[in-house]
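Undergrad: Here it is, the structure in full.
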Amino acid sequence: MAADTGSWCVYAVLRFFYSLFFPGLMICGVLCVYLVIGLWVIRWHLQRKKKSVSTSKNGKEQTVVAFFHPYCNAGGGGERVLWCALRALQKKYPEAVYVVYTGDINVSGQQILDGAFRRFNIKLAHPVQFVFLRKRYLVEDSRYPHFTLLGQSLGSILLGWEALMQRVPDVYIDSMGYAFTLPLFKYVGGCRVGSYVHYPTISTDMLSVVKNQNPGFNNAAFISRNALLSKAKLIYYYLFAFVYGLVGSCSDIVMVNSSWTLNHILSLWKVGHCTNIVYPPCDVQTFLDIPLHEKKVTPGHLLVSIGQFRPEKNHALQIKAFAKLLNEKAAELGHSLKLVLIGGCRNKDDEFRVNQLRSLSENLGVQENVEFKINISFDELKNYLSEATIGLHTMWNEHFGIGVVECMAAGTVILAHNSGGPKLDIVIPHEGQITGFLAESEEGYADSMAHILSLSAEERLQIRKNARASISRFSDQEFEVAFLCSMEKLLT
């Protein structure tokens with residue numbers, strides 16, 4: 001009797017849900033229809049708005065080209081790509097209107113342009129219109145202590161919506177890695193869209209870190225120690241990677257900055273027919289003016305690091321390896337050594353990280369030998385590189401590494417991380433000759449630094465000559481040719 005009652009209850013529940021299936025399906029269908037109609041109405045409204053503010057020159061309507069770059073005043077390698085891209089486009093298409101969506105609301109457009117000139121020595125020939133976005137906080141990583149990738153990606157859609165509501169372009173370029181804005185501008189804004197990808201939001205390497213339960217800056221120790229949490233995070237990553245691939249595939253053209261990035265984007269976005277490597281522009285000519293002889297104003301050796309103070313740059317590894325070098329090798333080398341960390345601070349989070357690094361150097365007892373140079377001018381940067389013996393880079397799987405190229409062009413002996421762009425594209429043999437060194441661990445960096453410093457001046461000079469000869473492929477001129485070739489599809 002109890003079994004019959006139980007069977008009847010299960011049957012009743014199933015019948016109840018079955019009775020809801022078709023009404024639910026109809027409701028979902030109606031909602032989808034309303035959503036499509038709503039998006040169509042919004043698109044129609046935006047197109048009318050675009051026509052009402054469009055301008056013409058010599059009787060021809062001007063094309064509006066917009067770059068989505070919320071941190072355009074940050075002063076990093078990604079910003080150099082932005083300004084060089086604008087300079088190249090203005091040369092070839094001077095009649096177009098150029099717009100930059102930025103969240104740098106505390107400065108004026110002219111101050112942003114002046115900063116680009118000071119840091120990168122880049123001056124644009126024609127005006128640029130800046131659209132200032134007030135909701136940039138939606139893409140700050142500090143806002144999402146958990147589910148950071150998802151939070152920032154959803155936040156970028158809202159930030160993109162703010163941008164689209166202020167100015168509707170004809171051509172939209174995501175130059176900072178906010179791929180979730182692409183379908184918004186393509187299907188709602190009616191734009192032709194493209195991407196310049198510095199670093200995939202998620203990569204197969206990140207999946208491997210979680211799968212193997214390895215701790216890292218994007219995989220907290222409490223998760224890596226727990227098999228259940230690791231499994232849950234892996235599922236989250238796989239789902240996110242699937243959606244990331246869908247939004248990325250909306251691009252009409254895709255430019256990537258290295259072989260490493262290309263491999264990951266092809267795996268995730270599956271748009272090989274419109275994807276090309278466009279190496280980022282590195283100001284090699286300016287640095288090539290630095291003499292190669294070892295000019296020494298003070299005795300000893302200077303070790304220089306270039307890179308924004310972000311967690312993935314792993315400046316802590318540089319300080320730890322340098323402390324190890326001083327503690328274990330300095331007596332053998334007999335030199336006065338100094339480490340100078342040069343980089344840009346975008347916000348309070350970056351400033352907090354700098355203070356943490358200062359504390360680390362104090363705890364390791366090397367504070368007298370470590371200096372921090374924040375948001376310095378281009379001339380100051382060039383001066384430090386002219387005095388440096390070693391250029392340091394410690395980011396795991398750096399997408400490319402403009403700082404690495406700049407160090408090589410300036411004549412430092414580069415010591416970079418044995419992964420990503422530096423390993424695959426930059427610190428590679430030139431005509432069979434060594435162009436620099438690679439390392440991974442604290443001990444490996446300390447040993448490599450000691451080895452470089454133990455070389456004779458003539459041996460270091462030969463390595464520096466090899467490095468300089470190998471980097472012509474990363475010049476501004478090469479970037480302009482490749483970038484304009486890719487952009488032609490969107491502008492013709």
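Keep in mind that glycine also has a Cβ here, set from the backbone N, Cα and C atoms.
What Swiss-Prot records for this protein is below:
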- 1-19: topological domain 'Lumenal' (TOPO_DOM)
- 20-40: transmembrane segment (TRANSMEM)
- 41-233: topological domain 'Cytoplasmic' (TOPO_DOM)
- 234-254: intramembrane segment (INTRAMEM)
- 255-399: topological domain 'Cytoplasmic' (TOPO_DOM)
- 400-420: intramembrane segment (INTRAMEM)
- 421-492: topological domain 'Cytoplasmic' (TOPO_DOM)
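Describe the structural surroundings of these features, if you would.
TA: Here the topological domain 'Cytoplasmic' (41-233) has a mean pLDDT of 87 out of 100.
For the intramembrane segment (400-420), the list of distant contacts is 77, 80, 198, 257-258, 260-261, 279-280, 282-284, 287-288, 290-292, 304-307, 314, 382, 385-386, 388-394, 426-427, 435-440, 445, 448-449, 452, 460, 463-464, 467-468, 470-471, 474: same-chain residues at least six beyond its ends, Cβ to Cβ under 8 Å.
Counted with DSSP, the topological domain 'Cytoplasmic' (421-492) comes out as 52 helix, 5 strand, 15 coil.
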Undergrad: When secondary structure is assigned with DSSP, how many helix, strand and coil residues does the topological domain 'Cytoplasmic' (255-399) contain?
TA: 69 helix, 26 strand, 50 coil
